[in-house]
Ligand SMILES: NC(=O)C1=CN([C@@H]2O[C@H](COP(=O)(O)OP(=O)(O)OC[C@H]3O[C@@H](n4cnc5c(N)ncnc54)[C@H](O)[C@@H]3O)[C@@H](O)[C@H]2O)C=CC1
Ligand SMILES: CC(=O)C(=O)O
Ligand SMILES: [Mg+2]
């Protein structure tokens, strides 16, 4: 068992001192001054100088300190003499990062992604303003590094990657101490906490203390997308042990090496944490992230009416899925009001799957009249398959959360189904409009399942493969492959892996090449180019992130007949004769639009909207408003082209709109108590446009403030 360092325990005198300061208005102003002045272009007061400033990522500007600032802050001689602009700094940094890219042309391998993460993380450690400037300007490119999928790898390799701590750790050893420990955090004001207990990190299972990476990654998006001030975010890991046997035996593991606390003992730890953070920061918002479903629902019910909190996996994911499901209806050329007619098969009945099911059912019921019979009939639109197959009322020890979605036995049998029927059987018999996966199992949408989906009664069946991370999807056995952002890099890597399996010689390499049928020439930047790549036959299977497969026909199968073929795709072009023997020809196949459907479209806006409304709680109505706002964000033309989610490059604008929708709903429900000088009465007077403006004006931007030194 590791010994949690004593030095992080705050003395009670520290709390006393802090409380005295907080009851003294002048002292309180002094304590909060640099936070309130950082936004905009007013100078920021700092209480340190010299090397202490250079080592403080909140204030460090590196080579961008002006000469007058260097004099004022005792920095003269501590930096190379050439003063750089922030643009020059970014150019220098990006050139370094791109060099890595040139050297790693063989695809987005794990070491390559991790190397990129390391470089970005080092920048995060030394200069936060510049880090967020880089991230915001290149969000589409770097979100997959600082967030999923790479952050999953980071969590898995956390013990080796750990350099500087970030965030706070509360462990089972700290029971009785949390109320004082919370004052060890240096920021007087915290707006947003993302907390995990590491029990179900992405689709990677129990990673114990290593799960802190996901809280850090989510908060990166809070800063980049929602403009939450980086000095006011706090990633938290609650370490109650781990049931991961490998970590329990690993001498390098940094967390508590004991089995997870359970039952009342577990709840007591989480209760103590919640009380501590809300005592110090009464207006903070706490996002619960990646708690195993066993606790996710219970904790949500326990706290949601008392604290400003939400569970991202249950509620954020549900909102994003609803927006996507409504988009899928529109993509079929039908009005959204037809949503209650959709037949939906969901694979996975954990926190995310059940969250989506509940929200989708409520949305359907509202469209059908919002009464009991509407709710009943909406329930019949879903077929849920978990690890044991189709869930019916015959299921033994059924999870109470899944019970409302269990199919009636008689009804199932009329459809040719039974308790435990496989996903392929269910899809074959139900002929659904939508197949949605939240099972964390790679390769689940196999050839058989996708073949079965061909029988769908929908004109444009949609697949939402929402499990994370992408890696889970790599299986060499399936038929179709949708590669969300890998393209040629993945093809090359897959070919090499196959070749290795076949003997690792030239003929193995040749024959491996014949296993790919590549559709679309622009595969290389498939994700950034917004193209969906479909490989027929042996390749990789879908999983990873939410992918909408709404057929949008473009160039089709690549054969050697393709004009102006991308040289990188050439090795994968099919021979014309061989293709014709298979009944295929140049241009065959479907290319759909593909982008990432992740709760990142909503959680930043939910948090920001809650903060700026000053709502006491996060209501169902506020969450629904967020989802509807995302659904409406896409123009009709885009949706008809099968583009259901916007590009992540627009994430700041999306978040602003989502936050405004949340503020508006909080005002409507009379929950809004205001934020800073905008009190509840003022909020009520705002028009829709003014709410959007209010949100925009309160989003932090990564600009260096002028620093002025004052003694503490
Ligand atoms: N795209 C997004 O925004 C989000 C994605 N997720 C992902 O969704 C996945 C599931 O998350 P949770 O629900 O929290 O996990 P969980 O562990 O609570 O639930 C997993 C569910 O999948 C079922 N399952 C396992 N094997 C199966 C199989 N062969 N066939 C059908 N079902 C099977 C399990 O019985 C369980 O019901 C994870 O990969 C997670 O990363 C979660 C939240 C958001
Ligand atoms: C994206 C996310 O929250 C998850 O996979 O758990
Ligand atoms: Mg999550």
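Cβ atoms are placed via backbone N, Cα and C, with glycine included.
What TrEMBL records for 147 is active site, proton donor. In sequence order, 217, 218, 220, 221, 600 are the residues of the chain that are 6 or more apart from residue 147 (active site, proton donor) and have a CB within less than 8 Å of its CB.
According to its DSSP assignment, residue 218 (active site, proton acceptor) is helical. According to TrEMBL, the feature active site, proton acceptor maps to 218.
Of all Cβ atoms in the shown protein chains, 26 besides its own fall within 10 Å of the Cβ of residue 200 ((S)-malate binding site). Marked as (S)-malate binding site by TrEMBL: 200, 468, 598.
Under DSSP, residue 313 (divalent metal cation binding site) is assigned to a helix (H, G or I) in the three-state scheme. The Cβ of residue 313 (divalent metal cation binding site) lies under 8 Å from the Cβ of 288, 289, 290, 291, 296, 351, 352, 355, 599, each of these being in the same chain and 6 or more residues away along the sequence. Per TrEMBL, divalent metal cation binding site is recorded for 289, 290, 313.
Annotation source TrEMBL lists domain 'Malic enzyme N-terminal' at 124-304.
TrEMBL lists 314-667 with the feature domain 'Malic enzyme NAD-binding'.
Counting every protein chain shown, the number of other Cβ atoms lying within 10 Å of the Cβ of residue 598 ((S)-malate binding site) is 22. The Cβ neighbour count for residue 289 (divalent metal cation binding site), using a 10 Å radius and every protein chain shown, is 28.
Spread of the (S)-malate binding residues is 17 Å (greatest Cα-Cα distance among 200, 468, 598). In the shown protein chains, 28 other C-beta atoms lie within 10 A of the C-beta of residue 218 (active site, proton acceptor). The recorded positions near ligand 2, defined by a Cβ under 6 Å from one of its atoms, are 313, chosen from 147, 218, 313.
Listed in chain order, the extra residues whose Cβ falls within 8 Å of the Cβ center of the divalent metal cation site residues 289, 290, 313 are 196, 200, 201, 214, 288, 291, 296, 311, 312, 351. Across the binding-site residues listed here (290, 468), the residue whose Cβ sits among the most other Cβ atoms within 10 Å is 468. By the rule that a residue counts when its Cβ sits under 6 Å from some atom of ligand 3, the recorded positions 147, 200, 218, 468, 598 yield nothing.
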